[in-house]
């Protein structure tokens, strides 16, 4: 087991946290206290999470397979959708399987390294999802508002670069959060009021006097979300202004059908995630934190395949072609 370095131990002593209430050794593991200790409730939680996880995996893998194999779906729009589906598959896999196992085995512990790794991937994928949703809104803007320039500007090289930048932004943000959080002393506090290692709940374990750096990182991450939200909002303002000028009702309806799913996904993910990160952890009931986190962790990856494919004629046609005559 690794021990506190000298600076961490001094910080704990200075802030009065190395009393008999807390250990003076480094936290070696955390305990996830998200759901009730009742066996019946844990079984229900595990069953619900398993069904939701299964639906999310099947739905997102189906989109990945269809957009990869079908020649009619080799367009920028479906390239971005394929990336989003792969990301959602990874995003829900970071938290849900561990939570299911914990409920079934009564073992809520997670190692210090495992917690840091889970927090990194969660922040990485959440940031990447925001970036990809922003890129997809720009793609819709170009396709609807600048159709004559669309194929020239949104070419294969541009698509690859935008995706690379999206994934890179997630990695950078994930590293920044994890390094800023896990380099600070927990001073023996190791019970997380959540079903996974979430940064806001981890911050509540730290002394307020030593989290200045992490607050700066949180402000940076929030700024990225605000910028993305502004870009998405402006894109759709232009898109809707163009759609309303389309003379035929059928043309407006068809164009709206390509935009509404993306707008619903953006609203679900960004609003729920923003509320969870902006509201003060200490002033909210633990059950509210857990259910809000469950919402933005589970709902978007599960509903995205349904939202994007339920009314999408191209996806339905691709499924029929792949399944045979």
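Using the three backbone atoms N, Cα and C, a Cβ is placed for every residue, glycine included.
Features of the protein shown, as given by Swiss-Prot:
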TOPO_DOM  1-43  topological domain 'Extracellular'
TOPO_DOM  65-72  topological domain 'Cytoplasmic'
TOPO_DOM  94-117  topological domain 'Extracellular'
TOPO_DOM  139-151  topological domain 'Cytoplasmic'
TOPO_DOM  173-214  topological domain 'Extracellular'
TOPO_DOM  236-255  topological domain 'Cytoplasmic'
TOPO_DOM  277-289  topological domain 'Extracellular'
TOPO_DOM  311-325  topological domain 'Cytoplasmic'
TRANSMEM  44-64  transmembrane segment
TRANSMEM  73-93  transmembrane segment
TRANSMEM  118-138  transmembrane segment
TRANSMEM  152-172  transmembrane segment
TRANSMEM  215-235  transmembrane segment
TRANSMEM  256-276  transmembrane segment
TRANSMEM  290-310  transmembrane segment
Surrounding residues of the topological domain 'Cytoplasmic' (65-72) on its own chain - C-beta under 8 Å, 6+ positions past either end: 78-79, 81-82, 85, 314-315, 317-319, 321-322
Winner by Cβ pairs under 8 Å against the transmembrane segment (256-276), considering only 73-93, 118-138, 152-172, 215-235, 290-310: 290-310
Distant-in-sequence neighbours of the transmembrane segment (44-64), which means Cβ under 8 A and at least six residues beyond its ends: 35, 81-82, 85-86, 88-89, 92-93, 96-97, 99-100, 103-104, 298, 301-302, 304-306, 308-309, 315, 319
Stretch-averaged pLDDT - the topological domain 'Cytoplasmic' (236-255): 80
Tertiary contacts of the topological domain 'Cytoplasmic' (139-151), as residues 6+ beyond its ends and Cβ separation under 8 Å: 76-77, 80, 235-236, 238-239, 242-243, 255, 258-259, 262
Helix, strand and coil totals (DSSP H, G, I; E, B; other) for the topological domain 'Cytoplasmic' (311-325): 11 helix, 0 strand, 4 coil
